[in-house]
Each structure stands twice: as C-alpha cells, then as structure tokens.
Amino acid sequence: MKLIDRRMRLTELLLRCSISVFALLALILVVTDTEVKLIFTIKKTAKYTDMKAVVFLVVANGIAAVYSLLQSVRCVVGTMKGRVLFSKPLAWAFFSGDQAMAYLNVAAIAATAESGVIAREGEEDLQWMRVCNMYGKFCNQMAIGVSSALLASIAMVFVSCISAFSLFRLYGATRDRRTTPW
C-alpha cells in the first residue's frame, strides 16, 4: 500500500471513529437531558421528546454512530490486509452511504438549531415564550449535545469528501494520460 493510501486510510479511520464518539456523546447527552419545574403546584418536565426536531437528531445520530462504527471496522480490516478499494460498485455503495449520512445529519442539525433558537429567543409574533429562561439546565445540556452532533456532522462531511476522492480516482486511473492535450 502506498504511503498516500495509508495516510488516507488512517485519516478516514480517525474521522469515522470521531463520528462514532461525537454522535454517541450527542445521543447520550440529549436523551438523558430532563428538567422538572414546579409551576403553580403543577410539575412540568422538559425532555427531548417535546421537540420533534430533537427526536430527528437523536435518530440521525444513532444511525450515524452505528454506520460509522461499521465503516471503521471495514477500514481497520482493509488496512490490516493492505488492500485499497478497487471495486467500483463497492466504492459507489460507500460513497452513497457516506453522502446519505452527511445529508441526514446536516438536515438534523439545521432543524434542531432552529428549534433551539426559538426555545432560547422565543417568537414574539406568534407569542411563543422563551423556554430557556425557565429550563436553563435543560437548554445548556441540549446545547452541548447539539454541539457534539455538529462536530460529528462536520467530520461526516470530510469523510464524504474522502469517499468521493476514493471513488473518482478509480475512474481517473484508467485514462491514457499521453492523449490529453494538457
């Protein structure tokens, strides 16, 4: 295996492992986040299931963590055997999976960020109050969880780029370079 291939595999492996860690951390932080307030003798509990965008984030991060863990195992096995991906159909499958994971998680982050801004700032035109004024601990832990999910999403975008490079270099290697005018 060439040095550049080894470095690419190592980078991909580190990114995939970080995706698994950050996505799992986000999942744990968000799912375990609750806060109870007593409002006029009525107990009100804030939990992640109250906002559907956050439920979407939890599901997306769960899928991403498992997918990245499985792909990490594939990277380790490929590195140990010293093989680089040469199959175009398999490269397309990995590329498509990586793209789907990246888009899914970026969409989940965007939806959750919008819900978070509304919870923090409220919406005066619709008379929605600021929820984070009442549930400060809940909002702070949720923000940390969403930040972890954002880091996982950024790593997914980079993995997607590596996957695209791995796929499209399979097509560039078969061209006869002597016939190009450049």
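Including glycine, each Cβ sits where the backbone N, Cα and C put it.
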Residue pair Thr11, Gln141: same membrane side in Swiss-Prot:
no
At a C-beta cut-off of under 8 Å, are there same-chain residues at least 6 beyond the transmembrane segment (13-31) that contact it? List them, or none.
48, 54, 57-58, 61-62, 64-65, 68-69, 71-72, 75-76, 79, 105, 141-142, 144-146, 148-149, 151-152, 155-156, 158-159, 162
Which numbers of helix, strand and coil residues does DSSP report for the topological domain 'Extracellular' (32-52)?
4 helix, 12 strand, 5 coil
Average the per-residue pLDDT over the topological domain 'Cytoplasmic' (74-89) and send me the rounded value.
75
Do you know the DSSP helix, strand and coil residue counts for the topological domain 'Cytoplasmic' (1-12)?
10 helix, 0 strand, 2 coil
